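According to Swiss-Prot:
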type	residues	note
BINDING	35, 88, 91	Zn(2+) binding site
């Protein structure tokens, strides 16, 4: 009956609008950490809808203190059971270092060794130029040479963090801006194809 369909749609819209008040988790119980780069089309790559996941973006898709804050809230209080970390190719965070950025701001007269990093927590201050360079978390400063390395490092940090429940599934992927597809870290499709062509069987 039409009335049943209308009633169902009304309830669906109500649940969507009031899901936090009703304690309803996102549809896939999923939290995604990825880069703010507009070329990373997360929903398309994963085949999900906006209501399926909480998506957290920052420069580089890096695990930061605020990323951990958000991840801990969604997994402990919003019913999230899975975390997916997505970095991407051609990321600007691999092109620079914290030292280069520190010099840029120092040349502008900014005292990078005296910065208050959280307006609500005045005691949290960067007390040296070295602190400032580490705070930006450029890939090379983290000992990573590729988005693949960062994806794996991010996943490992989250898996071992005391604020993230141990029963949460955590996975890492790399989004290729050239193909708009996801792949596992260090497993480029053309490399796998080349191994098969040369008679090498790939085992996971």
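Numbers here mean position along the shown chain, with the first residue as 1.
The backbone N, Cα and C atoms fix where each Cβ goes, and this holds for glycine too.
Sequence features, as recorded in Swiss-Prot, placed on the structure.
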residue: 35; record: Zn(2+) binding site; Cβ within 10 Å: 23
residue: 88; record: Zn(2+) binding site; Cβ within 10 Å: 25
residue: 91; record: Zn(2+) binding site; Cβ within 10 Å: 23
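In three-state terms derived from DSSP, residue 35 (Zn(2+) binding site) belongs to an extended strand segment. Other than the site residues 35, 88, 91, same-chain residues with C-beta atoms no more than 8 angstroms from the centre of those residues' C-beta atoms, the Zn(2+) site, are 34, 37, 40, 60, 61, 87, 89, 90, 92, 93, 147, 175, 177.
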